[in-house]
């Protein structure tokens, strides 16, 4: 049985509360430490919404990928793509064959992923969390302490990353020549202080939430968002997109009965504006990083660059998945793997020896035994195909075993207050990327989950015992005359 990582935090909190109660003068006051069932406005009820189900999160991007794949094939077949740039703009030359056998194998794969993730998610949501711990982690005092811990980690990480970058390259030259990829190349591949920069993924959305709740100064919000943008220039779109998902999940955890501006002011035009801002930010980031690449391919408009980049980003995983699946079913691509060696498929990426996986800087046609056409600069092509190519069929089995655990962590985070529930967005983003890459074992995911647990422990333990009266005023500690 896997030990619940959340249990020590709750036990420590409840033990301290009991000690405080014993040391205070007797006032006929008693604390109710028994877990309560999920009430009408409990986090469990508020976050168990259809669009947060693993099935929705996993399958919608898959549908988007195959839609983009078909759209790009149709668009370029009408000679709308610049001549001679098919490979550069859509990410592949010859479309993979769409066969019944290949489609069936993919359907079985995604079906198993969804079922296993949903089982874990249901178990996590069904776990009864100590009511007092949930209330404490929803208090403004805890939320501020938790945020400042993460903000401090973010600041250290980003500052160190840019220190390393400035020592290796010129930031101004990289920006003016649209070669922002040099930022990433200047950083070490191994885990270290620079890894702390990924804390911006949590810091920025939490800062916006606390500002809208009117418990955080706008200056801290600006700083957290600037750190996220600075990290996005190093880590491409992943940090930015994951932060958006974290904020969406965080907002979903806000109790519906709360009469805050978070619920009242949300209008359709807000969503449209947010999407437009996101598109413009991605356009700017893509232009900085890949402007020269698309000019060489015959595209000079930054918006068109971003559309082609987004289209290929979505379409190539469908192309590779379909081609590899068809080759497996035809018997031309056979990788059984090993019951022992393939265990690496389920280990954190920083524990896997480098020789057991392919280099990701560039992939050749032989990466999938020449079974599918794709551009070599696309390196996150399909979790389904990459796991099979690196670890074989045994790798599929071990990878599938990760999804119940990930689903449980996802559901369990959702049972806490909003700022902790926001970390469920990290797992949600991993689910949303199943169509192209395995993120559950990546160091960034492991780091953010551990960061959440550590900061929760420190923020909860660091609160003053004198705050017990706040619990009384909210009705969590009952007193009788």
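Quick reminder: no glycine exception, Cβ is built from N, Cα and C everywhere.
TrEMBL tags one of the stretches 351-372, 439-460 as transmembrane segment, and that stretch is 439-460.
TrEMBL assigns the feature transmembrane segment to residues 220-249, out of the candidate ranges 220-249, 310-339. The transmembrane segment (413-432) is not in contact with the transmembrane segment (269-288), judged by fewer than 3 CB-CB distances under 8 Å for residue pairs 6 or more apart in sequence.
Of the recorded ranges 50-75, 220-249, 269-288, 387-407, the transmembrane segment (191-211) has the largest number of C-beta contacts under 8 angstroms with 220-249.
Spatially, the transmembrane segment (95-125) is adjacent to the transmembrane segment (387-407); three or more Cβ-Cβ distances between them are under 8 Å for residues at least 6 apart in sequence. Packing against the transmembrane segment (50-75) from elsewhere in the chain are residues 81, 90, 95, 110, 113-114, 117-118, 121, 249, 252, 310-312, 314-315, 317-319, 321-322, 403, 407, 410, 414, 428, 431-436: each is 6 or more residues past its ends and has a CB under 8 Å from a CB in it.
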